[in-house]
Structure formats: C-alpha cells, structure tokens
Amino acid sequence: MAAGIVASRRLRDLLTRRLTGSNYPGLSISLRLTGSSAQEEASGVALGEAPDHSYESLRVTSAQKHVLHVQLNRPNKRNAMNKVFWREMVECFNKISRDADCRAVVISGAGKMFTAGIDLMDMASDILQPKGDDVARISWYLRDIITRYQETFNVIERCPKPVIAAVHGGCIGGGVDLVTACDIRYCAQDAFFQVKEVDVGLAADVGTLQRLPKVIGNQSLVNELAFTARKMMADEALGSGLVSRVFPDKEVMLDAALALAAEISSKSPVAVQSTKVNLLYSRDHSVAESLNYVASWNMSMLQTQDLVKSVQATTENKELKTVTFSKL
C-alpha cells in the first residue's frame, strides 16, 4: 500500500510540473488517483451479433470494441416502421443506455434505403379505427399512442452514448424524426430527406417539428419542407447543417461512421457522456442556466480518474486509444 501511495504522489507531482511549468509558479493542481486494476479491465465483448439484442425489425451487432451498430432491418419493406419497430427501438436503446461496454452507436438502414417512414398498412387500425366510446375516450387513446411513439425517438436522444445516423437512399417521414434525435448525421450522395406527413393528411408528431428547427437553425427552410413535403437532397442537407458530411456511397459512409464511433469510444466515457448531457441541456436553456448546470455537473465529474489518465497520456505524448478507461 505504501508503494502505491508513493507512486500516486509521484504521478501527481509529475502532472503538476508538466501542467504548470516554470511560467506559473503560483498555480497548483490537485489530482487524485483512485480505483484498482480490477476497475480498469479491458472490455471482453466479442465482435459480431450482440447476444442481448434479438429483434424482428432491428439487427444489432458489435461492430468494434465499445461500438454497437443498429440496423433498421426490414429491407423488403424499405425499413418501414411497423408496430413492432416502435416497441423494439425503445427496448433496444434502453438496453444500450445501460450497457457499460457500449460507448458509441451507429444507426443505419439495411437494403436500398434508410427508411420509408411509417408503415401505414400495419398501423392503420390504430390510427383509422381508434378505440373509445366517445370523443373524449378516443382522444385519450390516440394521445397515448402518439406519446408512446414519441418515446421511440426520445430514448435515442436520452441515450448517454453518442448516436451517429448513417443515411443512404430515402429518409422519409418518421426517418426524419429518427435522425434529428441522433447526435451526428452522415449521409451518402444518394440520400434524400422528406418531411412527408403533410402528404398523408397530418402534422408530424413524433419529433421533426420540434427538433429539426434546432438542428438546422433556419425556420423558413423548415417551414418550406414541412408545408410542401419536398425532398431535400444530400448536398442541400449538408449546406443546411442537417448532416455534417456527405460520402460517395453507402459503403464509404458506413466505414466513416464506424470510424468516427471508434474514435469517440476511445475517449473518456465520463467526458463524452457528460458532454452529451450538457449539450442537450444547453440547447433548451439560456447560456446563464447552462453555465450554472455544467458547474454543478462538473463539481463531481472533475473528480474522475479519467482526468488523471487523460492528462498523463497527453503529457507522455500517448494516444488516448492506448488508455484503458473503466466501464461506465
């Protein structure tokens, strides 16, 4: 134990000297090392099918260490969102949120397109033949359905792990609701985005009208897309800020999305997940409120051993991917 204490003190002194330097003799930094080697074990997750995720409408694989790949998996139906999908997405992302081995997620569509949106044939009975004896009861029934469908994409936004949408082909209707709940969006050159709901006689009600204005920051463009249901092609999506990168085809895009997820997963999970929480809070609150929130947040997060490990790697010119961070 004495040897361990001495080693910790030596590391603290080393970091303090490296960080402060001779130009700032009055600056002192207090760093603590906690935990044991048992807390720092590398993840033993095998690549391939994720055993805890078995679904009808989704396929979940361990694409790389700490990275899960979620595919919308109804290619013969253009990945249309049926009743099973709405339930399984909630189950899937609730599991991912609790998965200490997962640090980043990529979501894509199998087959020729990302998604055709809501499967109207499968869901017609819920929408066109709602249950209830009178207007009040029918209204409460429909409201319950709408809020449950909203939860399908809320769980993506709430997931503490960054979620990267990789879009090819059509991203129609509910697909726009889905990707606007993600943290990062990539697309292939053949992608297009379409707020389709107005063409089927309703207002989008599971996230697009609430999130898209904040994603692209252009209310006039949002109004145009929502009122007309016109297609937004890949280059326009890039110019508007809906996506951050466009790639020649699906294969190149998926490789890039998985590489990005791997890079994110190499960082401190405490830092990454804290960053996501604070970015979402800041989106919906004032600067003053958000600064106060992050101050309260970091009063505990600054005590993480991830800080010490990251600083040590930096001072020793090591890449962060060589650092083993504890599970979170």
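Each residue, glycine too, has its Cβ placed from N, Cα and C.
What Swiss-Prot records for 1-33 is transit peptide, and it gives sequence analysis as the kind of evidence.
Under the heading substrate binding site, Swiss-Prot lists Ala116, Gly117, Ile118, Asp119, Leu120, Gly174, citing similarity to another entry as support. The secondary structure of Leu120 (substrate binding site), as reduced to three states from DSSP, is helical. If you take the C-beta of Leu120 (substrate binding site) and look for same-chain residues 6 or more apart in sequence within under 8 angstroms, you find Ile127, Val200.
The site 'Important for catalytic activity' annotation in Swiss-Prot covers Glu197 (among others). Taken residue by residue with DSSP, Glu197 (site 'Important for catalytic activity') is part of a helix. Neighbour list (Glu197 (site 'Important for catalytic activity'), Cβ cut-off 8 Å, at least 6 residues apart, same chain): Gly173, Ala203, Ala204, Asp205, Thr208, Ala226, Ala229.
Look at Swiss-Prot and you will find Asp205 (among others) tagged as site 'Important for catalytic activity'. Asp205 (site 'Important for catalytic activity') falls outside any helix or strand according to DSSP and counts as coil.
According to Swiss-Prot, the N6-succinyllysine annotation covers Lys231. Counting Cβ atoms from all protein chains shown, Lys231 (N6-succinyllysine) has 16 others lying within 10 Å of its own Cβ.
If you take the C-beta of Ser268 (phosphoserine) and look for same-chain residues 6 or more apart in sequence within under 8 angstroms, you find Thr304, Asp306, Leu307, Lys309, Ser310, Leu320, Phe325. In the three-state DSSP assignment, the secondary structure recorded for Ser268 (phosphoserine) is coil. The phosphoserine annotation in Swiss-Prot covers Ser268.
According to Swiss-Prot, the feature N6-acetyllysine maps to Lys327, an assignment based on a large-scale study or a structure entry. Of all the Cβ atoms in the protein chains shown, 15 others lie within 10 Å of the Cβ of Lys327 (N6-acetyllysine). According to DSSP, Lys327 (N6-acetyllysine) sits in a coil region rather than a helix or strand.
Binding-site extent for substrate: residues Ala116, Gly117, Ile118, Asp119, Leu120, Gly174, maximum pairwise Cα distance 11 Å (rounded to the nearest whole number). DSSP assigns Gly174 (substrate binding site) to a helix in the three-state reduction. Ranked by CA distance from Lys231 (N6-succinyllysine), the recorded positions Ile118, Asp119, Lys327 have Ile118 at the top as the closest. With respect to their backbone Cα atoms, Ala116 (substrate binding site) and Lys327 (N6-acetyllysine) stand 37 Å from each other.
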